[in-house]
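In TrEMBL this protein carries:
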type    : residues                                                      : note
BINDING : GLY12, PRO13, SER14, GLY15, THR16, GLY17, LYS18, SER19, SER20 : ATP binding site
DOMAIN  : 8-219                                                         : domain 'Cytidylate kinase'
Amino acid sequence: MERATVIVAIDGPSGTGKSSTSKAVAAQLGLSYLDTGAQYRAITWWMVSNGIDIEDPSAIAAVAGKPEIVSGTDPSGPTITVDGTDVAGPIRTQEVTSKVSAVSAVPEVRARITELQRSIASGAENGIVVEGRDIGTTVLPDADLKIFLTASPEARAARRSGELKGSDVQATREALLKRDAADSSRKTSPLAKADDAVEVDTSDLTLQQVIECVVTLVEEKRAGK
Ligand SMILES: Nc1ncnc2c1ncn2[C@@H]1O[C@H](COP(=O)(O)OP(=O)(O)O)[C@@H](O)[C@H]1O
Ligand SMILES: Nc1ccn([C@H]2C[C@H](O)[C@@H](COP(=O)(O)OP(=O)(O)O)O2)c(=O)n1
């Protein structure tokens with residue numbers, strides 16, 4: 001019997017475990033995987049590399065359609081290119097991280113990236129896990145399953161500074177909370193839990209427990225289809 005495709009939306013603030021959970025769930029269930037944060041980072045990297053004034057939303061809006069962003073959706077090796085250049089490394093720098101909230105708040109940027117995300121999701125033959133900030137609320141409001149991951153600022157800061165060698169937990173915590181506040185308060189499609197999303201607090205769960213929880217929820221949805 002052929003299995004119906006399934007679309008899973010996973011949203012939440014930084015460091016709650018969206019990327020690691022989404023990748024593992026997609027790999028385990030044979031689904032595609034899309035990291036939408038990487039796309040916003042990629043367009044931010046392009047703006048920075050091309051000398052666009054990040055403080056000027058109209059300057060960003062004017063060129064938002066220029067870069068060609070391509071996301072590879074295999075969960076065992078996701079890729080991201082801008083105009084054919086592999087930017088997987090450069091999009092993770094502190095500079096891009098500190099500027100991505102400003103760039104992703106610009107409506108023209110969101111319109112462009114949202115359209116790209118919808119086309120990738122509709123082309124995923126077996127279904128897809130899409131992670132970000134506004135997937136359940138705006139990008140894919142008809143997703144079969146919506147998850148909203150949360151965790152305490154302490155847990156999130158400890159996880160993030162564990163990744164960045166030599167970083168200070170307190171400084172990481174401040175930067176992370178500042179970015180969350182910007183992402184949650186922007187006018188266009190802010191970070192928010194959809195009314196029909198299942199909220200999972202990952203503070204005291206291992207990554208494996210979170211993965212199992214989401215896999216179970218997907219399987220329940222699939223069984224009920
Ligand atoms: N439940 C968990 N317990 C402990 N560490 C976790 C958990 N979930 C994720 N991590 C770790 O925290 C870091 C951030 O996770 P990530 O998936 O990148 O979060 P997000 O995509 O929400 O920013 C990674 O190093 C990841 O391995
Ligand atoms: N759907 C999305 C995904 C990310 N963004 C923006 C806001 C986030 O601060 C940045 C970076 O997202 P990313 O998921 O890479 O961030 P972290 O993994 O939490 O560091 O992109 C967004 O506006 N909408």
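Cβ atoms are placed via backbone N, Cα and C, with glycine included.
Predicted automatically and left uncurated, TrEMBL annotations should be read as such.
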Other C-beta atoms that fall within 10 angstroms of the C-beta of THR16 (ATP binding site): 25
Annotated binding-site residues GLY12, SER14, THR16, SER20, filtered by Cβ under 6 Å to ligand 2: SER14
Overall pLDDT for the domain 'Cytidylate kinase' (8-219), taken as the rounded mean: 96
List of residues, in chain order, with Cβ under 8 A from that of SER14 (ATP binding site) and at least 6 apart: ARG156, ARG160, LEU176, ARG179, ASP180
Other same-chain residues whose Cβ falls within 8 Å of the Cβ centroid of GLY12, PRO13, SER14, GLY15, THR16, GLY17, LYS18, SER19, SER20, the recorded ATP site, in sequence order: THR21, GLU131, LEU149, ALA151, ARG156, THR202
Same-chain residues at least 6 apart in sequence whose Cβ lies under 8 Å from LYS18 (ATP binding site): ILE10, ASP11, GLY12, GLY37, GLU131, GLY132, LEU149
DSSP state at LYS18 (ATP binding site), helix/strand/coil: helix
